[in-house]
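J.: Feature annotation from TrEMBL assigns substrate binding site to Met50, Ala198. The ATP binding site feature in TrEMBL is assigned to Arg125, Thr171.
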Amino acid sequence: MTEPTTLTTTPGAALEAMRAARPLIHCITNFVAMNIAANTLLAAGASPAMIHTPEEAGEFARIAAALTVNIGTLSPLWVEGMKLAAEGANAAGRPWVLDPVAHYATAYRSRANAELLALSPTVIRGNASEIMVLGGETSATRGADAADPVAAAENAARSLALKQTCTVAVTGEIDFVTDGTRALRIHGGSALMPQVTALGCSLTCLVGAYAAVLPDAFEATVAALVHYAVAGENAAADADGPGSFGWRFLDALAALTPAELEARARVEAA
Ligand SMILES: Nc1ncnc2c1ncn2[C@@H]1O[C@H](COP(=O)(O)OP(=O)(O)O)[C@@H](O)[C@H]1O
Ligand SMILES: Cc1ncsc1CCOP(=O)(O)O
Ligand SMILES: [Mg+2]
C-alpha cells in the first residue's frame, strides 16, 4: 500500500517564501499570453522577464531563478530560443516548466514539443487533453482548449511523470498533480477561468515562480495551483462575466494572504 501524499511546506508558507524571494522568472510564452502572464507574476509576488530571442535566451536562463517555456505561438527562431534557454537552465541547475499548448495540432508543433521534452523539463503543466495525448492516449480536441475532464487524464499524467522523471500538473475543474509516486487533487477556481484566454499559460509562469523557491517541484506546483484556485474563487464571487473576472483575478492574486491561503486551500489525496 502506498502512503498518502502530504505536504512538508503548506500553501501559506510557500506563498510567504515566494513573495519574500520575489524570484526573477524567465518566461518564453506566446503572443496572446505575454502581458497577462507578466501581470500575473507581478500580482502574485514574483518578477517576470519575457525574453525569447536565441541571441540572449540561453544566457538569461542562467541568470533567472527559473524558466518557463510555452509553445502557444511558435516560429523557428522562437523554438531555437526555447531550446537554448532550456539548456541554459539545465546547465545552471535551475528548474524549468513546459506548457505544451495544443502540441498535437500540427506536425511542426509536435516536433518542437518533442525536442523540448528531450531537454527534461522539471514540471509539465497542461490541460487534460494536452496531457492525455502526451501520455499516449487520444483526444478529440484540436486547438488550445481542453475537450476532456481532468479525471480522464490522471493515468496519462502518472505515466508521463514516470517516463519523464518530472512533475505533471493537469488543470481543469479539479486539478491533478503527480510526480509518478505522489499525487494530489486541488479544488477551487471558477468556470470563468477557461473563458479568459491565457490563464493556463500564466499559471505555468506562476508554477515557475514557486519552483524557483521551493526545492521540491511537486510541492511547488501544488502551491502555485492552490494560490490560483483560491484567487479564482475570490475573483468569481463578485465578477459579472469573463471581462470583470480578468481584472478581479489579478487583484485577488495580489490580495491573498498566507493565512487566508492556509485556511481556504482544498487539497485532497489522489
Ligand atoms: N471549470 C473550471 N472550474 C474551476 N477552475 C477551472 C475550470 N477550468 C479551468 N480552471 C482553472 O483554470 C486555470 C487554467 O487551467 P486550464 O483552463 O485547464 O488551462 P489551459 O488554459 O491551458 O487550457 C487552472 O487554474 C484551472 O484550475
Ligand atoms: C488562444 C491561443 N492560441 C495560441 S496560444 C493561445 C493561448 C492559450 O492560452 P491558454 O492555454 O492559457 O488557454
Ligand atoms: Mg494552455
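Placed from the backbone N, Cα and C atoms, the Cβ positions cover glycine too.
Predicted automatically and left uncurated, TrEMBL annotations should be read as such.
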J.: Taking the Cα atoms as reference points, how far is Met50 (substrate binding site) from Arg125 (ATP binding site) in Å?
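T.: Rounded to a whole number, the Cα-Cα distance is 18 Å.
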J.: In whole Å, note down how far the CA of Ala198 (substrate binding site) lies from the CA of Thr171 (ATP binding site).
T.: 13
J.: How big is the Cα-to-Cα gap, in Å, between Arg125 (ATP binding site) and Ala198 (substrate binding site)?
T.: 13
J.: What is the number of other Cβ atoms found within 10 Å of the Cβ of Arg125 (ATP binding site)?
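T.: Around the Cβ of Arg125 (ATP binding site), 31 other Cβ atoms lie within 10 Å.
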J.: Whose Cβ, among the binding-site residues Met50, Thr171, Ala198, has more other Cβ atoms within 10 Å than any of the rest?
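T.: Of the binding-site residues Met50, Thr171, Ala198, the most buried by Cβ count within 10 Å is Thr171.
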J.: Just the binding-site residues from Met50, Arg125, Thr171, Ala198 whose C-beta lies under 6 Å from any atom of ligand 1, please, or none if there are none.
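T.: By the Cβ criterion, which requires under 6 Å to ligand 1, the hits are Thr171.
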